[in-house]
């Protein structure tokens, strides 16, 4: 869709749905969405040329207060009617621009994703990078947490939770709930959220996403997944933000709360965001070939780049301290940096396909707290580095990696074991990200500073488990 056609479509939607406000949405470094709403009478064609000024100093990691002015530049092709606004509202996703140069801001995650795609095209390796993330989430009935000088606690609860088998309910306990690790593809009445997910799917379709399936996930306490069709990198990152927005709002309307934390409960599976990837050139799948599992040599090199840079990638694909409570053996989390066909214990899997044209790779270590613009861009840059430098990943590992003896395990590299380790790796291994000025040094430094504050805060906070282990 050309800009002219896309802009015309914006005004068509405004008229068709009697839109009263236009919400300009943007994403910060941490992946959180923000928005500014404009009365519809202020929305004209000039908005798509001049943008809307806002205070960049109020967004963590962006501008100093003495250089705060920045521009929200709406992208007309992202226009979609907000299904949750009571007053008719049109949503437009924005990139961030510098008003002095009218160029994209180097710390804007969406602009980083666009630069990654442009860099890929400049190499001649591919025209399109296709991403298909699979974010998992929990639906809870009740979430509470308290952090102060003299106490620290949290609790989550859900009618599906295994710990509620003996709980007294006013209408009685019907006992239909998945036990620990017993929820995969459960059906009603054990799966209490089927209709909620179906409603999410219908709204996602209204907003332009293509739904492939939805189902209950492995964990107890309401773990779910909705699978959507792949798309090009930046567009899929946009769609991932829409996905989270819809899941959170539909849950809220049903008296539930959606949780995208990788490990909100102890002793059961966490939530991942497996990322399916392939490259396309002239309409052909670059990853299709005659090597292992139907991959091309280019695809193997792409895998090699991801494995080589995995610990640095973890800073973007697993950007929270909570992420590393998921990345431990025993809960279907892929911690070992190996690749294999259909082997879900490997961190990089080659899913089985019925059509060779659909061949792809799946990175299994990312989680849904990742900023999709940064995570997808970083994965692409690592893969491209592998292709350019012909980094072969070695032999595939087709055995169950969870059952390997210690002498074999020590020869297989692993993902980072903490956010601190991931940030240390990123400090040392970042040049593959700065090619083509995709990620700038200033952005990487700002990102590390923000994330180190999170690590330091957790490190300085006494934990209830410490009292259990050490108090008496």
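Backbone N, Cα and C define each Cβ position, glycine as well.
The Mg(2+) 1 site recorded in Swiss-Prot includes 134, 362, and the single candidate from 34, 215, 216, 274 that the record places there is 274.
Among 128, 217, the residue that Swiss-Prot places alongside 136, 225 at the Mg(2+) 2 binding site is 217. Residues in the domain 'GS beta-grasp' (17-101) partition by DSSP class (helix H, G, I; strand E, B; coil) as 16 helix, 36 strand, 33 coil.
Of all the binding-site residues listed here (274, 326), it is 274 whose C-beta has the fewest other C-beta atoms within 10 angstroms. Every protein chain shown contributes to the tally, and the Cβ of residue 276 (ATP binding site) ends up with 20 other Cβ atoms within 10 Å. Summarising the environment of residue 225 (Mg(2+) 2 binding site), the number of other Cβ atoms within 10 Å of its Cβ, over all protein chains shown, is 21. Its Cβ taken as reference, residue 344 (ATP binding site) is surrounded by 15 other Cβ atoms within 10 Å in the chains shown. In this structure, 357 is the one among the binding-site residues 349, 357, 364 with the smallest number of other Cβ atoms inside 10 Å of its Cβ. Residues within less than 8 Å, Cβ to Cβ, of residue 212 (ATP binding site) and separated from it by at least 6 positions along the same chain comprise 227, 228, 229. Cα-Cα distance from residue 134 (Mg(2+) 1 binding site) to residue 225 (Mg(2+) 2 binding site): 7 Å (rounded to the nearest whole number).
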